[in-house]
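Read through the structure below, which is laid out as structure tokens, and then see the notes.
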């Protein structure tokens, strides 16, 4: 084997899949999908072909024309990171049909029972395929090095509706067939009463981690000429989201001005139930968002700006493997801040950069025993990408690009960015390809900036840069005064929004007295903040100070959200360090009670924190 990706069984000597036609029957009572996948290859192939699977039962592999069986084998051992290796024996085949079922333990799928939804009456299911979880929904070459177009038929209860990271074609009864799709799975009751089929098409080639769907009782609001906001139809979430994201079209236009045409036609948003493990996921045409980004002051739109920026950097140009993840996230963080600066002003962007700078320095502490993951270009052989997911590719990647911008000036860097995006759109590239392009288009750049230190060195390079702005400097100096016992006056914080408080709290010393925590909260009610960034930063300080008055609020927070950005620091603060028996007991009890409400990816992250500290 000649693997092209440390996280995939895909073999570099085999042809790549170019198109996948899926027929998925969603069986809610059993939390499984019965399915067929028709995979088309770039060239006919004879001999073995390797595919990635995880928690899939393969019923048969067939020649699509003759229906003759194609020999296959599934590795008996389950690789803890890559899953099971599916090997087909092809004989001049350019396509093949896999009949299979998922399992209830699929790492990409979260099946929510009615009580776990906002409406409490109907079930819900959604996918999260990044980084390497698409293989638990369908067999594939699950590496961003291989891009595919796809079609999909979703057979769902007729009381529910579906959205996908693809163009919606039609909704119809299951008895109306569609010749362009894989046939329905033979063992599922495809044409039963009370079912509907939703048809989707994705014409642009994407990496498999961008495959996404959600099914539930969905409603929507129009917020712009190419943007709808979707959410569960029950409760106030839909209207709140529509207000929060009312400025989306202006952001799309700023993105186009900075980076070139928006190539995905629509930019729709889906606000998921609270268990969604990320802030946002940049699925093309249908961005997935956590409800925690609805803050009531439009500041949640910064997460939308990030996912929008991915439309150019990540979705159009993609990292070839997760070793080069910074190419997705560093570029997108830079692009997001340019959009925020254009729409909300320089001070907002500076706060954003400052919060990121603090986060980057904290990640250096987190990885002090494994500095490999403070590099931009990493070696993730034998490493689960979910375990080392961090702010490093985002913030160090941003700092690298910001350093290049300072060196050559913004107008020249803007021209470079547009040329970069235009040159590599719909391609997957690695760090070397980017550096070669940079050196070719900015002659002599390697004499001014140590490119090797930035991409392959550990830690934060000396020419990285803390932001400078009046508001940023004021907040950091107020945080420093807290060490001397001075709390900010009400007139000093009168116009603060969540981001100002977040920056302030993150710059407070970690060792504060419980009495100081109580006094700060008595004045500013931070533990009750609707902004989870503020609430969680405050609760971390409370845990550090062993201020047990807030442990009830910690428990409530851990049981009400599944976003890993909040779970990771709170669980870590509870179990890290000595003399924390009460906190450790609390963490284990809360996780046991909340576990089923977390997405499988988040469950794994909390379990790895416990494995390290308990």
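The backbone N, Cα and C atoms fix where each Cβ goes, and this holds for glycine too.
TrEMBL tags one of the stretches 119-142, 143-166, 167-190 as region 'Disordered', and that stretch is 167-190. Under 8 Å from some Cβ of the region 'Disordered' (167-190) lie the Cβ atoms of residues 21-23, 25, 27, 34-38, 59, 97, 99, 101, 151-153, 155, 161, 196-203, 265-266, 285, all in the same chain and six or more residues away from its ends. The Cβ of residue 329 (Zn(2+) binding site) has 314, 393, 394, 397 as same-chain neighbours under 8 Å, each 6 or more residues away in sequence. Put simply, the two farthest-apart Cα atoms among 128, 129, 130, 277, 278, 279, 280, 281, 282, 563, 564, 565, the recorded binders of peptide, are 18 Å from each other. Comparing residue 564 (peptide binding site) with residue 307 (active site, proton acceptor), their Cα atoms are 17 Å apart once rounded. Spatial neighbours are here defined as Cα atoms within 10 angstroms of one another, and by that definition the neighbours of residue 306 (Zn(2+) binding site) among the binding-site residues 128, 130, 278, 280, 282 are 280, 282. Note on the domain 'Peptidase M1 leukotriene A4 hydrolase/aminopeptidase C-terminal' (470-610): DSSP counts are 102 helix, 0 strand, 39 coil. In the structure as shown, the Cβ atom of residue 282 (peptide binding site) sits within 10 Å of 24 other Cβ atoms. Cα separation, residue 310 (Zn(2+) binding site) to residue 282 (peptide binding site), rounded: 6 Å. The Zn(2+) site is defined by 306, 310, 329, and by the 8 Å test on Cβ atoms against their centroid, the other residues of the chain that qualify are 282, 307, 309, 313, 314, 328, 331, 332, 333, 335, 336, 394.
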